[in-house]
Amino acid sequence: MAREKRKLEHIEYALSTGQSRTHGFCDIEFVHKSLPNSSFESVTCETKIGELSLSSPIFINAMTGGGGERTLHINEQLAYVAKHHHLAMAVGSQMAALKEKREVDSYRIVRRVNPNGIVFANLGSEATVEQAKCAVDMIEANALQIHLNVIQELTMPEGDRDFKGVLKRIENIVLTSEVPVIVKEVGFGMSKETVQQLANIGVTAIDIGGQGGTNFAAVENERRNRMLSYFNDWGIQTASSIIEASSTNNTLSLIASGGIQTALDVAKAIALGAQATAFAGYFLRILMNEGMDTLIEEVELLHTDLRFIMTALGAKNILELQQVPLVVKGDTYHWLTQRGIDTMYYSQR
């Protein structure tokens with residue numbers, strides 16, 4: 001019951017704390033193209049994460065599950081949205097269902113609603129090879145997310161305090177998994193060094209989960225008697241983290257998440273190097289406050305607006321969007337300069 005209570009508290013505080021931190025996309029500006037030689041009707045948005053083909057670069061990221069009927073109902077509605085728009089969808093951490101079998105349905109509902117969709121299983125980096133297999137089998141997943149959440153765990157009153165051996169555990173899962181493994185952050189971003197470490201052990205896809213979206217340090221601090229407020233502003237902003245990851249020149253697929261709310265955010269993330277973008281808190285707030293039909297409408301508008309932006313930039317598809325020129329300025333430019341990353345590549349291509 002304690003785990004179920006925590007899952008429900010996470011939803012409550014995620015909704016109440018909002019997205020108050022900047023993701024850095026305000027520092028990214030496209031170079032206007034007066035002669036784009038493009039047509040809205042010819043713009044397509046298909047993309048790939050590794051070997052997985054997606055009809056959209058937008059997908060529903062891991063949010064919940066394991067909190068009884070309420071989380072089952074949330075996942076059910078999100079699955080209907082995913083099915084309606086042919087979006088990939090990730091479930092929240094399934095460790096709750098591995099510990100408490102009565103919670104299995106709160107995750108399995110996603111596959112029941114969307115039997116032919118692309119669904120991602122999800123576990124923390126403490127997971128074993130056997131637990132990873134069980135999580136994938138539970139929802140007949142097409143891929144497995146392994147989330148890295150050191151700051152959240154440290155801030156969580158009942159969280160983990162020992163993070164030794166994480167890279168080796170992930171490597172073991174990668175070597176034995178029958179589905180692709182996506183390693184993701186949860187709002188604190190990934191550095192180029194972390195990305196390189198993951199590439200070295202055979203990880204083929206990452207979700208940088210940058211600073212700017214749901215603040216899990218703030219969420220966990222709401223549950224503490226003594227706040228660890230120094231973690232509330234911890235992390236690498238989403239825009240900077242995408243560029244850090246891209247600078248490693250690896251072949252791994254890059255997913256951008258962390259405060260993404262608009263089609264312009266999506267376009268900028270892809271132009272910086274992402275193959276796909278993931279929405280969590282923004283979609284959850286619409287679902288909880290305005291309902292499933294409104295969320296379905298919002299996703300439709302996101303796709304329309306993304307195609308408008310791509311038309312303006314002369315990009316007929318996602319690969320062409322990844323090559324349009326843009327300028328990096330402000331705090332993001334200064335961060336990347338200090339990190340030894342040359343942003344001229346983006347403005348001169």
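The first residue you see is number 1, and the count goes up from there.
Cβ coordinates come from backbone N, Cα and C, glycine included.
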Binding-site annotation, Swiss-Prot, FMN: partner of ALA62, MET63, THR64, SER93, LYS184, THR214, GLY258, GLY259, ALA280, GLY281 in ASN122, ASN142, ASN149, ASN317: ASN122
GLN152 (substrate binding site) versus GLY259 (FMN binding site) - Cα distance in angstrom: 17
GLN152 (substrate binding site) and GLY281 (FMN binding site), Cα-Cα, nearest whole angstrom: 16
Assigned element (helix, strand, coil) containing ASN122 (FMN binding site), judged by DSSP: strand
Fewest other C-beta atoms within 10 angstroms, as judged across GLY259, GLY281, which are the binding-site residues: GLY281
GLU153 (Mg(2+) binding site): tally of other CB atoms within 10 A of its CB: 20
